[in-house]
Amino acid sequence: MIFVDFSSDTLRKKALGCMYGQVIGDSLGSRYEFQPASVVQQMIIDDSVQSFLPIIGGGPSHLIRCGTFNAANVACSYVFWSQSKPPDIGKATRNALTIERRLSPNWHHELSDIEKEAVHQEVLDNVKNYNVGSLSNGCLMRISSLAIYSVNIISIQRIEEMVRADCSLTHCEEDTKQAVFSYVLAIRYLLNGKSNREAFEAALNSTQSARILGHLLTAQEKPIPINIGDQFVDGDGKAMGYIGVALQSAFYELLHGTSFTKSLIDAISRGGDTDTNAAIVGALLGARFGVDDIPVQWINTVKEGKPRANFNTVDYNVERIVNNLLMMS
């Protein structure tokens, strides 16, 4: 059992590292999205200034609502985000979150509980109708806030229930739910001061999926290639958005990375779906190394980013978000 010291400065720094790691990874990776590794590697060389890679283009675009976990509220949050014309949205996520009703920025107060549940059910129906078979990475990209919140929850069963409920808002395949759960547990272990190896073992022991287990075991040795069943790929051409690409890369860097900066750039250098992969890798690395290991230039770029006009009701203050998540019960 893990007992959390909420006053721990180490816990807060790791939680900040996790959240900043996600949004920085998303921001940094967005410039290099959907390119083969060879192209990305040359772009990184060209973009570097005095051996430092600045964030060029893209900003944090994740909707993080603080409060007790409620699947209907989360579904409405995701739908509102999808209706806000985000700069990028994956096919499975779009399929799931496209509903007839338009939600206003004040949906949280305007909708009754019954109306929120109706939105939730429509999203779940979309997933069943359009996303059967999808093993894409969007469900893993958005989960870091729930992973931070999980340090407050003693029951592993309750954590798994929340993870499954969130994942089900866009994905219905068991492999995706087990991938996300293993990732959340690893972050939880890291936030509570466990070693990278202990976090990896927790993830490994949490899954019964042969597919996910295979990616985790392979991550002990290499980030690529990735087994997609009938062949092996590097994730920068075929199967770019496959969840196993990000998962294997993230756990490889967890086990072998020597710094947040190097590991994040190494992950981006593999090309493919670089913003999503880097967000996933970044959150895990941030939980391992903590906020003090993240370059202040990257943190300042995120802090100085301006939210889109129709998102003025959303809190973008990472420190405040993390503090709220750590205080939730």
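Along the chain as shown, the residues are counted starting at 1.
Every residue, even glycine, has its Cβ placed from backbone N, Cα and C.
According to TrEMBL, the Mg(2+) binding site annotation covers Asp273, Asp275, Thr276.
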Packing count at Asp275 (Mg(2+) binding site) (other Cβ atoms within 10 Å of its Cβ): 23
Packing count at Thr276 (Mg(2+) binding site) (other Cβ atoms within 10 Å of its Cβ): 27
Thr276 (Mg(2+) binding site): secondary structure state under DSSP, collapsed to three categories: helix
